[in-house]
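**Q** To start, I am sharing the structure in question, which I have written as structure tokens.
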Amino acid sequence: MTFPAILHMGNTVNNPGDPLYYSWLMSWEIHSLLTYPSSFFDGNIFYPLKKTVAFSDHMFGSTLIFAVPYLILKNPVFAYNVVFLLTFFLSGYGMYLLVYRYTENLEPALTAGFIYGFASYRFSHIGHLTLLSIQWFPFCLYYAEKYCDTTRKKYFYLYSLFFLLQVLSSWYTGIFIAMTMGFFWMWKLIKNQSKRLNILKILVPGKLIIFIVLIPFMMPYLEVSKSLQMQRSLQETFLYSADVTDYFFTSPQNLLYGNFSSLYHNVPNISEHALFPGLTVIVLFFISWFLTAKKYSSLRNFYLLLGISAFILSFGPRLKLFGYDTGIPLPYLFIYKICPVLKGIRATTRFMTVILISLSVVPALWLQTFQNRIHRGYRRFIFYFIIIILIGLENIHIPLWTYPVQMDPYDSYKYLAHDPLPGPVLEIPAGFFENDTHNFFINTRYMLSSTIHWRPLLNGYGSFHPPHFLEMTRILHRLDPSEMTEFLASNTNTFILVHTDLLSEEESKRILGFFDSSERVEFTRQFGKDYLYKTY
């Protein structure tokens, strides 16, 4: 289901935007830790700003996995793809472990792992590693369950480790794992009154220690949020909240439902609104709601409550139906006002991350109940074979998009790596403009290439683009002489690298002509279709 990405791990990614950004980000974090650890959050982008890593998720939890293949092969794209593929297999394996603990049976556990690891929702966000990295959720639940059953501290320590890994993988999933485990611990404290004191004795100090560990990762975000006014408005949250109809459509790349979704679900940024989990999973979920064995009723009710709560929160502050604001207020509106953490969430559709847990565990509980009526042998095999095939057909996205990445460094980057003269780099074009909209994906290519020389870049890309960068791209686009003169005067000793292969012939002549005639710019060298200048 990850074909053909698995065949081209060293030189392709699934799109030219976020995957290249993630490849740069994790490379930067390793580079900073090996050279100047104090510069961890001071990425070499959006020069001269500091704390630029905090413009997006730091993803340190994923960097820990990325580090091994990266340090061995020095190929950030290959290392990214290792992390990317592991999110699928570790998610499936973690859910398998969790459900096997509940059912003590192979088939329901494998089915749950398949649902969770290869859900259509995950393929809708194929370029968002932060949302794919949900593999530690089931491990948290698994070890928390083991601790509650045995009260052995080693299981709580393992739970805490996986909780930290999940929070450090993405702030989104950090919020969602906090919600999930908050529900879990409340459920256990209510259910296990005899163990309540033992649980609280380790839970309270344990959570305090986790919070202390997270402080160094949170502080840069608080600083950046305050200085650059980075906060999601309620209106922005509403725009990215789920419509009721979102739960009936997949992404256009879904093999079975994609064409239908393309025809009838014409919404911008469809990856955020493709929430249909598949008819097979829905049917199994509702059957389990009513027909699960009594001994699993408490477990089923917990996961039902968790899933339904996340489902309601996914609709955001007001109910949206067929694209229209009904004006009906929802619980998220109240929680948003009393819980500052939610102000960091833009897309409430991403509560689907939590819903997936419910959609994986609850059906497995009924499957365990039902299979007790089926004698071992070919009948059970055929039953589960049909279930897996149906789930697979409804979730498959083949082929996955692939975007080739130039891994042989351009001569211009090699030159910058060996030139002893210091100075930041500005690469042109810094963004493409069409109908007053910006496309900054091109900067991810420059960021990845900067891993060769590690010079500061005026370019950048992330969840947030600072005002000075946006203004710079407008100035470079207009190429007004007076604006450019002022811009160059404020950016002396800067290398300017013009990529004419990324520009039209007319744009190339206009830009090169301006720099050749400017008194503040000196031509340095030509590398094929790359022209290098330096400001003075």
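Numbering starts at 1 and runs along the chain as displayed.
Note: Cβ is positioned from N, Cα and C throughout, glycine not excepted.
According to TrEMBL, the transmembrane segment annotation covers 53-72, 78-102, 123-144, 156-187, 199-222, 274-291, 303-324, 351-369, 381-403.
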**Q** Apart from its near flanks, which chain residues at least 6 from the ends of the transmembrane segment (199-222) lie with a Cβ under 8 angstroms of it?
**A** 41, 51, 53-54, 58, 60, 147-148, 151, 153, 156, 160, 163-164, 167-168, 171, 185, 188-189, 192
**Q** With contact taken as 3 or more Cβ pairs under 8 angstroms (pairs 6 or more apart in sequence), are the transmembrane segment (156-187) and the transmembrane segment (381-403) in contact?
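**A** Judged by the Cβ rule, the two regions do not touch, with the required three close pairs absent.
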**Q** Does the transmembrane segment (78-102) come near the transmembrane segment (381-403), with 3+ Cβ pairs under 8 Å (pairs 6 or more apart)?
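**A** These two segments do not touch.
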**Q** Mark yes when the transmembrane segment (274-291) and the transmembrane segment (381-403) have three or more Cβ pairs under 8 Å (sequence separation 6 or more) and no when they do not.
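**A** Answer yes: the transmembrane segment (381-403) meets the transmembrane segment (274-291) with 3 or more Cβ pairs below 8 Å.
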**Q** Residues sitting near the transmembrane segment (303-324): Cβ under 8 Å, six or more positions beyond its termini, same chain?
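**A** Those are 176, 179-180, 183, 234, 237-238, 240-245, 267, 275, 289, 330-333, 335-336, 348-355, 357-359, 361-362, in sequence order.
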**Q** With pairs 6 or more apart in sequence, are the transmembrane segment (274-291) and the transmembrane segment (53-72) linked by at least 3 Cβ pairs under 8 Å?
**A** no
